[in-house]
Amino acid sequence: MSQKSATATRRLHCVVQHCSHTRNKSTARLKMTQKTYSNGSAFPPKTPGLMRIYSMRFCPWAQRTRLILEHKKIPYETVNVDLKDKPDWFLEKNPLGLVPVLEIDDKIVYESTATSDWLDDVYPGDRLQPSDPYRKAWDRIVTEYYGKLAGSIYGLLRNPENKEQAVADTLKHYQFFENVLAKRKGPFFGDDKPSLVDFLIWPHFERVPVVATVEPRVVINREKFPRLAAWFDAVSALPAVQSTSFDAKTHLQFLESSKSGKPNYDLGLEE
């Protein structure tokens, strides 16, 4: 896939799924407006020594990085960006025009896996990446395979004429994750505690209930996929997940707003 095609696909992914009120208040995020900055917005001054994430409230890729920030309790501030009408100052920080972007003092890192790896290296407390090279390699395989699940789920929303194939693919992907979890020693891919891969693959699993409103067959069947269902329950209960998650109803509201070509990025925020 060309870089242009990959960028276009990822932009579509960020439009096709996100939304709602967070369930619990963050313990790491510093108070700052959650309203979206668009083209023409003044650049919000930075706080020296404080991590900043340029995000979009409903982007699953940005959610990956926010999950790491929350789980590690890293103090940070958020600047949400209008991905349809980006400020010039945002494009100066990431010429790709995508979120997430991390910035602290004179350092800038972007792309969800790069930012997550970087945070785990810079803030090594409660290390999320395994030390065993083989386990680390397999965690990366799981993370890469996760893209197939995202593709089949989005296929159900974008191409209803190919619904049967998309459902079959989704269930096949569930089986892959079920098989990997069978070799782990706990509810998480990190055994008895969450690891980096748990957080990296969560955002699109969070959106499965949204897709299930359109196609109920993609609900994670507890008899066919008991380990995956237990994993879903365990991850959804994590404080970091609860502070970044959105319910299915609001996801659907955001999806509806995006059909006009002007997504309501500030959906659910108090006036």
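Glycine is treated like the rest: Cβ placed from N, Cα and C.
Taken from TrEMBL as is:
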DOMAIN    49-127  domain 'GST N-terminal'
DOMAIN    132-267  domain 'GST C-terminal'
DSSP tally for the domain 'GST C-terminal' (132-267), helix/strand/coil in that order, comes to 93 helix, 2 strand, 41 coil
Counted with DSSP (H/G/I as helix, E/B as strand, rest coil), the domain 'GST N-terminal' (49-127) has 29 helix, 19 strand, 31 coil
Taken over the domain 'GST N-terminal' (49-127), the predicted model's pLDDT averages 97
